[in-house]
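**Student:** Below are the features listed in Swiss-Prot for this protein:
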| type | residues | note |
| --- | --- | --- |
| DOMAIN | 22-298 | domain 'Protein kinase' |
| BINDING | 28, 29, 30, 31, 32, 33, 34, 35, 36, 56 | ATP binding site |
| ACT_SITE | 159 | active site, proton acceptor |
| MOD_RES | 478 | phosphoserine |
| COMPBIAS | 482-515 | compositional bias 'Polar residues' |
| REGION | 482-518 | region 'Disordered' |
| MOD_RES | 522 | phosphoserine |
| MOD_RES | 535 | phosphoserine |
| REGION | 569-638 | region 'Disordered' |
| COMPBIAS | 582-593 | compositional bias 'Basic and acidic residues' |
| REGION | 602-615 | region 'Interaction with SH3 domain of ABP1' |
C-alpha cells in the first residue's frame, strides 16, 4: 500500500478537533501515515492544566485501518487518568479531500516537551545512565503497563520499546503509541488462524522485542501480558547497555534464550538477576507486572506503588481455555495455602475389585478382618464392618498402622506349621488311595521274594541269592520283556518255572507282597511300574523259612532259559536270511523304485526348444538400392 502524499500544515493554521479549537504552533515529526504538531488548544487540558497539546494527524486509506486507529483511541480513553501514560484529550475523523476513499483523523493528546527517551539516551553516550536512573525509568514505564494489564479484559501493548517512551515537563516517563494494542490472543487452532496471527505480529511488533511465543507460534502458547513482560526485560537491558541482548543472533538467539552481559558499564548483580528472571523462555515462569514492580521497589528501597492486580476473579466471556486452566490452578494454590483444612468429600467407590480365593494372600490370612483385607488390595467398601482405606482424621492408611502389622506377622508364622502338616497328611492319603486303586485294577499275584529278596540282618546269603536275580532283571528290562501287554504270558511262565522247576517237592505259600504291573493306565507305556504293598508283619519275617533250594540249581535254570532264548533268536534270524536268499535267486526281491544308486544325482542339462520359423511377412525387408547401384544411370540433363 502506497503512502498518501500529503502536505504539512503551516504555522498558525486553525482547526477544530472535537470540542477543542486548535492552532498549529510547530511541525515536530512524521512517520508512516502520521504527522505530529505542537498546538494551542482551547479549552486547556484539565488533566495537565496546560493549553499546549500534541496534535497527531493521520491519513487512513481504508476502513480497516480506520478501525485500527479507533482501537488506539479507545485504549487511550481507558488509560486517560494514569500519570505514566500519555493522556488523551480529544479526537475527530472526517473524509479526506486529498485522496479518494481515504479518511483524515486528528487526535489531541498530552504534549511531552522534553521529547523521547531515545533522545535523552543519545545525550548520555559518554556518561551512561546510572542504576538509580534506570530503576526510576523502569518503575514508571512498568506502572503504565500495569494500568493496561489491570483492565478487564486486560490490554497488551505489544510494542514496548525505548522509542515509545516520552518525557514530560515534570520529568516523568510516559508510555505512548497504542497503535498495536490488542487483547489476549489465544493459540491458533487451524492454519488460517496461524497465518493471520503471524502476519499480525510482523505488522504490529518490533523484531528485537518479540517474545519467543510470538516468534514460534507453533508452541501453542497464548500471547498475553507475559509477552509485555518479556518486552520490558529487553527494554531494561537496553537502558543499561544501549543494545538488545539478542541483537546479533536474531530470532534464533531469542528462541535459544542465551545472552550475556557486557563488561561495561558495570551494574549490580540484583539488576542483572532481575533481567535474567524476566527473560525466561517459558512465559509461565516470568513474573507478572506486580511482581516486577515489587522487585524494582525493593531495589529502590521504596514501597510498591500499586496493589496486587493479579487477583483471582470469576471467569468471564473473554477468558480462553488457557486462562481458565491458570485460574483453576491459582484457586487450588490459594486453597492449599489457606489455614483451614478441607474435608474429604469424595464419594465411596461404587465398584469392587475382588481377588481369587486360591491366591497366596487368601491362603496365608484365612481369618483376617474386613479392614485388613484392604491391605491386600481387595478395595471392598461394601463389606460389613469394613473401614475406608483413607482415614480423614489421621490422614494415613490403616495398613500402615502398627497394631495391624504385628498380628499380621504372627498369623503368618502360626499358619506355616499348620500348612506343612496339612500338606504332608494330604499327600500321604493321596498316595495310599492311589496305590490301593492301582492294586485292585492291575494286580498280578507274583511272589516278590523269588525275584527281589527282602533285606535281612545276615546279608551274606541274601546277597548271593540276589546277584543272579539282578542280572536277570537287567537283561529282561533291556530286552523290553515288561514293556508290552503281550509279555504277560512270559511273566506267568517265569512265575511257573520259578515255583515248580526251581522249587521241586516244596509247598509254596505266597505272601501279601506283590508285583503290580500297570500296562494300560500308565501314561508312558514302555515304563515298568511296580508298587510294594507291605503288610504289618512281612518286614520282620525271613524270606525263605520253608524253602530248601540249592543256589546252583537256581542259577542253572536261569542260565538255561537265557541260552534257549538266544538260540531261538539266532534260528529265527537264520531263517529270515535264507528266505531272502531264495527270493533273490528267483528274482522276486523288492527293487528300489526311487533311487538306483547311492551316488550323487547328476542333473542333465535341459535342451532349449527350437523356436518356430518366423513368417515371411514379418521378416525385415532390405531397403531398395540406389539407382546408381541398380545399374541405371542418372540423367542430370532434363
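The backbone N, Cα and C atoms fix where each Cβ goes, glycine too.
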**Student:** Take the C-alpha atoms of residue 32 (ATP binding site) and residue 159 (active site, proton acceptor) and report the distance between them in angstrom, rounded.
**Tutor:** 16
**Student:** In the structure shown, which of the binding-site residues 28, 36 has the fewest other Cβ atoms within 10 Å?
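**Tutor:** Ranked by other Cβ atoms within 10 Å, the binding-site residues 28, 36 bottom out at 28.
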**Student:** What is the set of residues, excluding 28, 29, 30, 31, 32, 33, 34, 35, 36, 56, whose C-beta falls within 8 angstroms of the centroid of the C-beta atoms at the ATP site?
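**Tutor:** The answer, listed by sequence position, is 57, 58.
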**Student:** Can you check which residue among the binding-site residues 30, 34 has the largest number of Cβ atoms within 10 Å of its own?
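**Tutor:** Comparing the binding-site residues 30, 34, the most crowded Cβ belongs to 34.
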**Student:** Give the number of CB atoms, excluding that of the residue listed as 'active site, proton acceptor' itself, located within 10 Å of its CB.
**Tutor:** 18
**Student:** Between residue 30 (ATP binding site) and residue 159 (active site, proton acceptor), how far is it from one CA atom to the other, in Å?
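**Tutor:** Distance (Cα to Cα, whole Å): 18 Å.
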**Student:** Taking the Cα atoms as reference points, how far is the residue listed as 'active site, proton acceptor' from residue 28 (ATP binding site) in Å?
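**Tutor:** Cα to Cα, the residue listed as 'active site, proton acceptor' and residue 28 (ATP binding site) are separated by 22 Å.
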**Student:** Near residue 32 (ATP binding site), how many other Cβ atoms are within 10 Å of its Cβ?
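**Tutor:** Total other Cβ atoms inside 10 Å, all chains included: 9.
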